[in-house]
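Undergrad: First, the structure itself, so that you have it in front of you.
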Amino acid sequence: MPRANEGLGLAAISYVAVDYLRYVSPSWHGRLQPALWAVLALAAACRAPFYRHWPLELRAAIPFLASLVFMLSALLCEALSVRFVTAVLGLDWHRSSPPLPDSGQWLLLFLNEKLPQVVVDVLRAHIIGLHHFLMLFVMLAFSVVFNSVKAPGLGLAARYMFTMAIGRLLRAVTFVSTILPPVRPWCAEVRFPVPYHPHPWVQKYFMPYASDSDAIRKLIQIDMPYAAIGEYPGEYRPNWGRMNFLIDILRPTVSEGSSWYHLLKKAGGGCNDLLYSGHMLVAVLTAMAWTEAYGGWTSALIWILVLHSAQREIRERHHYTVDCIVAIYVGILLWRMTGFIWSAKDSSKTKRLAKLDEVQSRLIHAAKDSDIDEIRDLLKEVERAGQERRGSSQWAVWLFAGTTITVSLIMVLLAFTLTSDG
């Protein structure tokens, strides 16, 4: 869609560049980052009272809140799944299982030997991370007040969160289905105080057949577990009341306390290979949103940053190459499927054409009768069909606008603060 100005693109690149100064010149980073935040927040606050599409934002509020609840629910399911795949096999399996062969990692090591050192240093640089992609989307959604992208901004945010939720649920189903060995074998022992021995399910259904080819062949033939279970320590089972069903999923230990809620609060990224990459899903959805809503050279640059982030995920052994590749095409496909929530296409033209088709016979009849008043009234109907409906009172719109501005600025300032260290 045509853009009113290039200010959004410059602001986005400035944000990434200023934040990278933390590695180049921490003193300048400490001065410029708060100044940039203040300028962006003040610009949005000053522009918001003159924003013309608050009625549209009000109508988009319910889908926005519904998408937010859906996304938070999906993230909770993902957190439970991450803990499960980490804990179910035990720390001994994590330490002893070698990483899978990854040709993408080999390629990057080969390029390290062949490319000039300055190019390798650029590829290794922490130019952009997860929090950058999230904040780039926040800037994109807020840019509706400057008419840089199509309103409503809450509609764009609803589509982003809804797509994110679908992607996270698909990801959880994928990595729970087949547990892959970690890219960093030491990670689980450092980050997750789970038991060293496997869960009783694994003791019965996996461990007796994990490495014995004859046992596997016999298991295929009889299609029933038959091998004797080895000797393992017992499981710690705290009293979580109605939440006791989570014990087999989370596998708590005595050192983690007796509260399931406290355990979940410490949930983060897993140490198994989680197919596909959640970081890359966020990056791709941000790039897709920028491409559709804003376009131009900024979107092309963001896609370059997506690829840079992907090779760093592989280079630093956070993910296998397949995780990043799958995340890219899943993110693209999911974004294409959720255009019914928000789209950059101008729907008013379609509505006017539909209305014109509806009144076409009446318009022809009025023209034959030289009824100018009837023609004028019909054309006004066609024009009104493409305009925004104003179903809310003015005071409700202004109350919603004030609340949205206040809450949004608080949330963005908190996000800036909480993600300032990555």
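Here the Cβ of each residue, glycine as well, is placed from N, Cα and C on the backbone.
Because TrEMBL annotations are produced automatically, they should be read as predictions rather than curated entries.
Residues or ranges marked as transmembrane segment in TrEMBL: 32-50, 62-91, 125-146, 158-180, 282-308, 320-342, 395-418. Annotation source TrEMBL lists domain 'Sphingomyelin synthase-like' at 270-337.
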Undergrad: Under 8 angstroms, Cβ to Cβ: which one of 62-91, 125-146, 158-180, 282-308, 320-342 has the largest number of such pairs with the transmembrane segment (32-50)?
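TA: Answer is 125-146, with the largest number of Cβ pairs below 8 Å.
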Undergrad: Give the nonlocal contacts of the transmembrane segment (125-146) in its own chain as ranges (CB under 8 Å, at least six residues past its ends).
TA: 4-5, 7-8, 11-12, 15-16, 19-20, 23, 40, 43-44, 47-48, 51, 53, 152-154, 156-157, 160, 279, 282-283, 285-287, 289-290, 293-294, 302, 305, 308-309, 312, 408, 412, 415-416, 419, 422
Undergrad: Within the same chain, where does the transmembrane segment (158-180) have neighbours whose Cβ lies under 8 angstroms from its own Cβ atoms, ignoring anything closer than 6 residues to its ends? I mean 6 or more beyond.
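TA: Counting only partners 6 or more residues beyond its ends, the transmembrane segment (158-180) has Cβ contacts under 8 Å with 60, 63-64, 66-68, 70-71, 73-75, 77-78, 81-82, 84-85, 88-89, 100, 137, 141, 270, 272-276, 278, 281-282, 285, 289, 320, 330-331, 334-335, 337-339, 341-342.
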Undergrad: For the domain 'Sphingomyelin synthase-like' (270-337), give the DSSP counts of helix residues, strand residues and coil residues.
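TA: The breakdown for the domain 'Sphingomyelin synthase-like' (270-337) reads 53 helix, 1 strand, 14 coil.
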